[in-house]
């Protein structure tokens, strides 16, 4: 395990910010950390970075106790904070150079890593410009370059795509996957569920400081998925159709809204072909069919009672 | 090594911010020019006129007669003009009406008290409206009392001096004030330089505040560097930046406004360096204790003009008396201004050293307080 958090507790006076949290992250993962605002994600990240002291429990990173080996561990971690953590009055090159020096890089190795990081984020051609002249997406990419130039084993990305255009977002998501393929383990937090769904292999959901669910995407979805939803666009309305469909084995509910049928079946009922047979036998043409699967957003809503963006 | 890198990039960023750097210099230059020109007449030398003083002597004894003789001496009449009053209330009324700078009052038991071996009091009731005149009267009375005490002490030792004799043992050497007192341009160059350095506290607030409480601080604190390396590197970078601005301001006023910075320019610059440390320390301390750049900025924006005012930075307020006379010593501006004026006009070397020591002490306290407050924030 590259990160192992055991029964972590952090209190701010009377507020329990992290409540007995335990998380294990294996090497090579892109690990999603989800939770609404104030759930305890930031506190958890701060404790992993050694910026916040914790009251109980333990944190092991790279197999070493964080408290005893903080300095050594920090050398192998990269952080991409939610807000931009770059100097707007230093050039892109100088920004990366500055943080590279703080991570102990010197001489030719430093120059190579600066070039590599700026090429990786597509900013090499703009290396002599100050970020004041950059678009929001370019600043975000520089934010990433500063975090990854020392080849960290563990990269923590705290909402790295907030407030940027779709093109820059795709570039950043691609770079996250590339970094992972290059050997870095990544902890990724985001308000955009589709991002987490697209790139993360394992996910932990936190609320009120507690880990309320964790597992793979499929495991999380199966926790709330007890039924399957089918939406069918039909050519004409036949009132016998609804009654006919309700008689199909496994169908729990059937309703009609204009020319759209909504059918809810028991999970794994395997009755799709039977439903189609019933519709066609009534001389109704099927114009479209959509099987609605459970999403992480649905999982989140079910478990926390809140939308992720609340 | 990290300290050097942090120091280098801090200075680089400040120097690159030409707009901010120049505006810090432009403002004092304009203020020096405006105040130095507009208030030049205030700094012209004028003759000291004879100070009017009310006098009430209710004692008819020999001791007070000696004082009567003293105030009629030609030399004393060149300094004070005595107006005898009939009652205590009349003298007080003259003070209220600003007709006199003070009243000298001798009670009816003055001679008797002295004969009985007690003390004879000559009271001075000073006007609040003429602190200079009142101090002149005090000096005259002090010189009489000192002489009288000397005769009294001599008599007790058996060497009674039968009568007061006057001799010309004092050699008069008129002082030429040219080049020894500041012109308005000289004065405001010093006070505005000091004010500019004090406003440099904003640098401390912005830099350390940003690196401590904002996202860039998260990145820096996550890096494998010691917190003291960050603190020291940043602080030295800001202090040197501020000192460079002070240096440019001194050289600009010296060669463009022909301001008199005396023969000890290196020492003047050393005071600027110490004041830069104090100013940055103050900004950092307020920022760390308040945990808010906004609050710290607001507080400094109030404190610096107040410090400047009580130190006489906007206009000279020496000998005004009252609360300002007492609180001016807590103003860093006052300490630095006095130290610089002493150096430029070659006066009070000991006082200069004392003020410098106080400034160094204050700076150390401010930096230690900031460090302690900063550590407590990490919980």
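Backbone N, Cα and C define each Cβ position, glycine as well.
The shown structure was predicted, so the numbers you read here are calculated from the model rather than taken from an experiment.
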* TrEMBL annotation (transmembrane segment) - matching range among B:296-317, B:318-339 -> B:296-317
* Could you tell me whether the transmembrane segment (B:187-205) and the transmembrane segment (B:354-374) have 3+ CB pairs under 8 A, leaving out pairs under 6 positions apart? => no
* Structure fact -> Among B:236-256, B:268-289, B:296-317, the most Cβ pairs under 8 Å with the transmembrane segment (B:187-205) come from B:268-289
* Asked: Short question: which residues 6 or more past the ends of the transmembrane segment (B:236-256) have a Cβ under 8 Å from it?
  -> 3, 6-11, 14-15, 21, 24-25, 28-29, 32, 185, 189, 193, 196-197, 200, 203-204, 207-208, 265, 268-269, 272-273, 275-277, 279-280
